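Engineer: What TrEMBL records for 6-120 is domain 'Longin'. The domain 'V-SNARE coiled-coil homology' feature in TrEMBL is assigned to 135-191.
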């Protein structure tokens with residue numbers, strides 16, 4: 001289940017939007033929000049961070065996507081499917097860029113796009129139940145893509161194996177032919 005969602009600018013760590021919580025377990029929420037803000041600060045230091053990453057923290061996992069100098073972050077239960085979390089972030093990213101894309105770099109105050117919370121809440125409800133038909137279809141699509149990639153990778157490995165066999169055969173032939181050449185060269189020298 002999605003517990004926390006935040007969007008921040010990577011260049012300076014400025015929080016742009018946040019999915020407001022329902023108020024339950026406020027101490028825990030504040031602790032993890034602080035961790036998310038610390039993560040944004042470390043991302044803003046200019047180090048080369050992966051564009052997608054999952055970070056375990058207590059009973060939860062932070063998942064984030066960085067694209068276009070914006071970090072889209074969510075915190076979910078450990079049991080929540082990773083693919084679904086990233087699909088959720090992709091949906092948020094697409095809508096956020098569509099609605100606020102040209103204003104991201106000029107935002108000067110924290111939570112300048114707080115109105116985006118309504119979209120975050122609607123999307124969070126869609127992803128609330130991992131068993132809904134929509135989410136199952138997305139997971140099945142992802143599994144199919146992974147299966148295709150794995151099939152392609154196995155075929156490439158087999159192709160590489162065949163090529164290695166060919167190279168090995170050519171090497172053996174070359175070795176035996178070089179022995180024959182060496183013997184004939186010795187015979188020629190003797191004559």
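One is the number of the first residue shown, and numbering goes on along the chain from there.
Using N, Cα and C of the backbone, Cβ positions are placed for all residues, glycine too.
Those TrEMBL annotations? Automatic predictions, nothing curated.
Note that the coordinates shown come from a computational prediction; the quantities given were computed from them, not determined experimentally.
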Engineer: So, by DSSP, how many helix, strand and coil residues make up the domain 'Longin' (6-120)?
Structural biologist: 47 helix, 30 strand, 38 coil
Engineer: For the domain 'Longin' (6-120), what's the mean pLDDT in this predicted model?
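Structural biologist: PLDDT averaged over the stretch: 84.
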